[in-house]
Amino acid sequence: MHLLGLLPRRAWASLLSQLLRPPWASCTGAVRCQSQVAEAVLTSQLKAHQEKPNFIIKTPKGTRDLSPQHMVVREKILDLVISCFKRHGAKGMDTPAFELKETLTEKYGEDSGLMYDLKDQGGELLSLRYDLTVPFARYLAMNKVKKMKRYHVGKVWRRESPTIVQGRYREFCQCDFDIAGQFDPMIPDAECLKIMCEILSGLQLGDFLIKVNDRRIVDGMFAVCGVPESKFRAICSSIDKLDKMAWKDVRHEMVVKKGLAPEVADRIGDYVQCHGGVSLVEQMFQDPRLSQNKQALEGLGDLKLLFEYLTLFGIADKISFDLSLARGLDYYTGVIYEAVLLQTPTQAGEEPLNVGSVAAGGRYDGLVGMFDPKGHKVPCVGLSIGVERIFYIVEQRMKTKGEKVRTTETQVFVATPQKNFLQERLKLIAELWNSGIKAEMLYKNNPKLLTQLHYCESTGIPLVVIIGEQELKEGVIKIRSVASREEVAIKRENLVAEIQKRLSES
């Protein structure tokens with residue numbers, strides 16, 4: 001009966017007239033009446049559907065589809081990153097895309113408001129993961145793992161204002177490398193910076209600089225400048241914006257929005273404009289205010305040792321001690337770092353690319369203990385590669401240069417000039433597949449040879465093997481080079497070996 005409410009007025013009138021007919025007419029009209037009911041219901045449903053406003057097909061804000069062309073470039077970037085992680089002995093792992101909300105809250109400071117909460121499903125409050133670090137710490141605590149070197153590639157979600165033109169999204173991929181365990185100071189930290197340098201150099205993105213600081217130095221700086229301890233995290237979040245905002249704007253935010261005394265903000269300004277190498281570390285040891293703070297001295301001592309290891313790794317010239325680097329996430333406890341691309345003169349026709357940091361990380365010795373019932377700590381240090389921003393840079397450069405990419409890795413195309421040769425082509429392509437050769441054919445019984453050859457040229461397939469009646473009689477197969485258009489007949493039993501030889505030489 002619930003369907004009757006969907007019927008328009010005319011349908012009701014028609015039904016009532018059928019129902020009120022004399023009894024002797026009801027049997028003959030039963031089938032017709034049932035048909036009219038079904039037709040009326042269907043008409044009502046279709047009308048309601050047609051009255052809905054036009055639905056715009058699009059991806060949600062801050063997300064995007066990746067075409068086959070995009071995926072080729074992305075996979076090359078990820079292959080380089082992952083091979084570097086493996087070269088340094090990391091093991092791969094994964095965690096759920098969503099966690100208990102309680103797992104993620106109070107780990108990100110002011111950024112906690114950017115988490116995506118999921119609708120309650122069966123009593124558990126859940127959120128999409130904001131990064132890959134907190135789930136890793138939860139994994140270590142839950143499984144009582146005390147030592148691990150891992151890498152993790154996966155998507156994360158943040159409700160921030162997306163800037164698609166600069167490679168910033170609400171859904172994006174992160175590539176993380178972390179070292180967990182109790183080790184001698186600064187050795188794992190130095191390796192993380194070495195990995196950053198290897199990846200950024202391998203991607204050939206141009207000159208880059210890795211800024212380093214220490215959260216103990218940041219907190220010590222706040223203390224000697226007169227920042228109330230209750231405002232440390234809030235002011236740290238403001239300082240973290242110096243890569244996007246001018247000092248006067250950051251100062252305005254600290255004073256007007258966060259209630260910091262102007263003279264305190266000015267003292268901070270004297271420090272955050274300092275950057276340099278190991279000589280700046282030595283200079284800060286002599287600073288009359290900073291040298292009186294125990295936390296800051298501990299951080300400076302570790303940075304001095306870190307620069308010694310970086311010199312041995314041959315990358316000290318890529319590292320800058322930068323007192324403006326704060327890293328707003330709450331879980332950092334020691335060394336922090338962030339890689340930025342240096343702006344170089346662009347080539348003719350190129351637009352300057354300003355994408356912010358392309359990699360970042362640091363030490364978080366207390367995060368695992370937040371999940372352990374007894375508060376047992378597992379010291380950790382790690383890094384995260386900003387794949388989306390790197391992909392944006394590579395994509396823009398390819399557009400400027402007019403570069404095209406192959407979307408498949410097909411090596412050989414199986415073709416025929418004659419009709420009714422589908423069975424022979426299927427046998428031949430199966431032989432190639434079984435030999436590990438990447439091969440394709442058209443899914444038609446009688447394709448034209450010109451169509452097949454044109455497909456190879458348009459998709460970049462280097463070799464064509466051609467089989468026809470003449471080749472079948474003579475026990476040979478023709479191999480055609482798509483680039484030179486040269487053809488040569490090869491004995492059928494030697495075909496696989498000849499293809500493998502040609503592919504190895506190309």
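Note that the numbers count up from 1, one per residue, in the order the chain is shown.
Cβ coordinates come from backbone N, Cα and C, glycine included.
Here Swiss-Prot flags 1-33 as transit peptide.
All protein chains shown were included, and the count of other CB atoms within 10 Å of the CB of SER67 (phosphoserine) stands at 9. What Swiss-Prot records for SER67 is phosphoserine, and it gives similarity to another entry as the kind of evidence.
Under the three-state DSSP scheme, TYR332 (L-histidine binding site) falls in the coil class. Spatially close to TYR332 (L-histidine binding site) yet at least six residues away along the chain are ARG215, GLY362, ARG363, TYR364, judged by Cβ distances under 8 angstroms. Look at Swiss-Prot and you will find ASP131, LEU132, THR133, ARG158, GLN174, ASP178, ARG327, TYR331, TYR332 tagged as L-histidine binding site, backed by similarity to another entry.
LYS444 (N6-acetyllysine) falls within neither a helix nor a strand when secondary structure is assigned with DSSP, and so counts as coil. The N6-acetyllysine annotation in Swiss-Prot covers LYS444.
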Top Cα neighbour of SER67 (phosphoserine) in the set of binding-site residues ASP131, THR133, GLN174, ARG327: GLN174
Reduced DSSP assignment, THR133 (L-histidine binding site): helix
Distance, GLN174 (L-histidine binding site) to LYS444 (N6-acetyllysine) (CA atoms, angstrom): 42
Cβ packing number for GLN174 (L-histidine binding site), 10 Å threshold: 18
Cβ contacts of ARG327 (L-histidine binding site) (under 8 Å, same chain, 6 or more positions away): ASN213, ARG215, CYS236, ASP240, ILE336, GLU338, ALA360, GLY362
